[in-house]
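Engineer: Dropping a structure here in structure tokens format, bear with me for questions.
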Ligand code: TXD
């Protein structure tokens with residue numbers, strides 16, 4: 001059976017890690033595209049030369065020609081500028097919209113049957129634009145934000161409680177901005193509410209709430225925290241790992257429940273916008289959106305986040 005083909009558009013920081021993860025996990029053959037000559041070719045050669053050490057059998061090809069993505073099953077897009085300290089994700093909209101338009105045209109022409117996972121910021125707007133330009137069905141165009149935002153939330157909870165990250169369940173909803181919605185009520189350690197464990201640790205509900213509030217705040221600002229440390233760009237290891245989890249679930253039909261930025265048609269009270277919600281990802285792409293009831297506070301936070309997405313999208317027109 002032929003191997004799957006994964007096209008990575010953008011061979012920068014995230015693109016390079018994506019290529020390496022695809023190879024290490026033998027997810028499929030990789031084509032890494034960038035407009036900078038030599039960059040994707042050099043990264044692919046470098047990764048391929050590690051194959052005898054790591055023991056993976058996949059082909060890696062760096063290219064500056066869209067034709068090489070022909071027949072890709074999954075396309076992951078990181079093309080675009082990253083943030084610098086002091087910038088918000090939304091500051092990237094003008095320049096990254098132009099880039100995304102050309103990228104989407106390339107995907108439409110050469111990989112018309114592919115599933116597309118967008119990583120480029122501002123995420124919610126870039127997914128919207130990519131779907132518009134490609135005209136692909138909604139279940140085949142999704143954005144990565146929630147897997148990473150949730151992973152950050154989970155990591156902070158695990159470190160706070162001194163338990164394995166593997167045993168923490170937690171999720172964020174909404175847009176990939178400072179108004180994202182970390183769901184405190186559903187955060188658990190193997191089903192045990194995190195709030196209960198925090199209360200035991202600190203001896204009072206008030207202190208537990210304070211500690212949780214700090215973790216929620218850190219989650220919302222986690223991208224910026226990394227930008228402030230790196231100074232020259234934004235997070236790249238964790239966004240790559242997150243998108244790979246989504247691609248793997250689609251390619252292997254795992255039907256994992258992963259928060260993804262997807263088109264909503266009334267779910268969670270949102271119609272006509274791409275917003276982060278829990279989805280089942282499988283061989284058909286977005287196979288289902290898992291809906292559940294939000295309480296009044298959560299719904300208010302979700303509405304605020306969705307309004308930010310709406311403003312962002314309208315600023316693109
Ligand atoms: O969780 C998330 N969604 C994110 C998103 C988390 C962190 C960073 N996120 C965003 O991903 C970030 O704000 C950027 O918009 C993208 C890519 O971040 P990365 O750190 O990989 O940026 P780089 O290193 O600058 O790489 C971008 C590459 C670079 O090599 C450019 O030459 C290339 O994009 N580029 C293009 N490729 C193809 N086609 C065009 N037109 C193009 N223009 C630039």
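Indices start at 1 and increase along the chain as displayed.
Yeah, the Cβs are placed from backbone N, Cα and C, and that goes for glycine too.
So TrEMBL lists these for the protein:
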- 5-143: domain 'Lactate/malate dehydrogenase N-terminal' (DOMAIN)
- 10, 11, 12, 13, 14, 15, 34, 96, 119, 120, 121: NAD(+) binding site (BINDING)
- 83, 89, 121, 152: substrate binding site (BINDING)
- 148-311: domain 'Lactate/malate dehydrogenase C-terminal' (DOMAIN)
- 176: active site, proton acceptor (ACT_SITE)
Engineer: Starting from the Cα of residue 89 (substrate binding site), work out which of the recorded positions (14, 121, 176) are within 10 Å.
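Structural biologist: So the list is 121, 176.
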Engineer: Quick one: pull the CA-CA distance for residue 152 (substrate binding site) versus residue 34 (NAD(+) binding site), whole Å only.
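Structural biologist: Cα of residue 152 (substrate binding site) to Cα of residue 34 (NAD(+) binding site) measures 29 Å after rounding.
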Engineer: Which chain neighbours of the substrate site, leaving out 83, 89, 121, 152, have a Cβ atom within 8 Å of the mean position of the site's Cβ atoms?
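Structural biologist: Those within range, site residues removed, are 82, 122, 123, 176, 223, 224, 227, 234, 235.
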Engineer: Roughly how many Å separate the Cα of residue 34 (NAD(+) binding site) from that of residue 176 (active site, proton acceptor), to the nearest whole number?
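Structural biologist: Between the alpha carbons of residue 34 (NAD(+) binding site) and residue 176 (active site, proton acceptor) there are 25 Å.
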Engineer: Filter the binding-site residues 12, 34, 121, 152 down to those with CB closer than 6 A to an atom of ligand 1; keep them in sequence order.
Structural biologist: 12, 34, 121
Engineer: With an 8 Å cut-off on Cβ-Cβ distance and a minimum sequence separation of at least 6, pull the same-chain contacts of residue 83 (substrate binding site), or say none.
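Structural biologist: Same-chain residues close to residue 83 (substrate binding site) (Cβ under 8 Å, separated by 6 or more) are 89, 91, 92, 121, 223, 224, 227, 233, 234.
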Engineer: How big is the Cα-to-Cα gap, in Å, between residue 12 (NAD(+) binding site) and the residue listed as 'active site, proton acceptor'?
Structural biologist: 21
Engineer: Which Cβ among the binding-site residues (10, 12) has the fewest C-beta neighbours inside 10 Å?
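Structural biologist: Comparing Cβ neighbour counts within 10 Å for the binding-site residues 10, 12 gives 12.
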Engineer: May I ask for the distance between residue 10 (NAD(+) binding site) and residue 176 (active site, proton acceptor), taken between their Cα atoms and rounded to an integer number of Å?
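Structural biologist: Between the Cα atoms of residue 10 (NAD(+) binding site) and residue 176 (active site, proton acceptor), the distance comes to 20 Å.
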Engineer: Work out, from DSSP, the number of helix, strand and coil residues along the domain 'Lactate/malate dehydrogenase N-terminal' (5-143).
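Structural biologist: Taking the domain 'Lactate/malate dehydrogenase N-terminal' (5-143) as a whole: 67 helix, 25 strand, 47 coil.
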Engineer: In three-state terms from DSSP, label residue 176 (active site, proton acceptor) for me.
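Structural biologist: The residue in question, residue 176 (active site, proton acceptor), is coil (DSSP, three-state).
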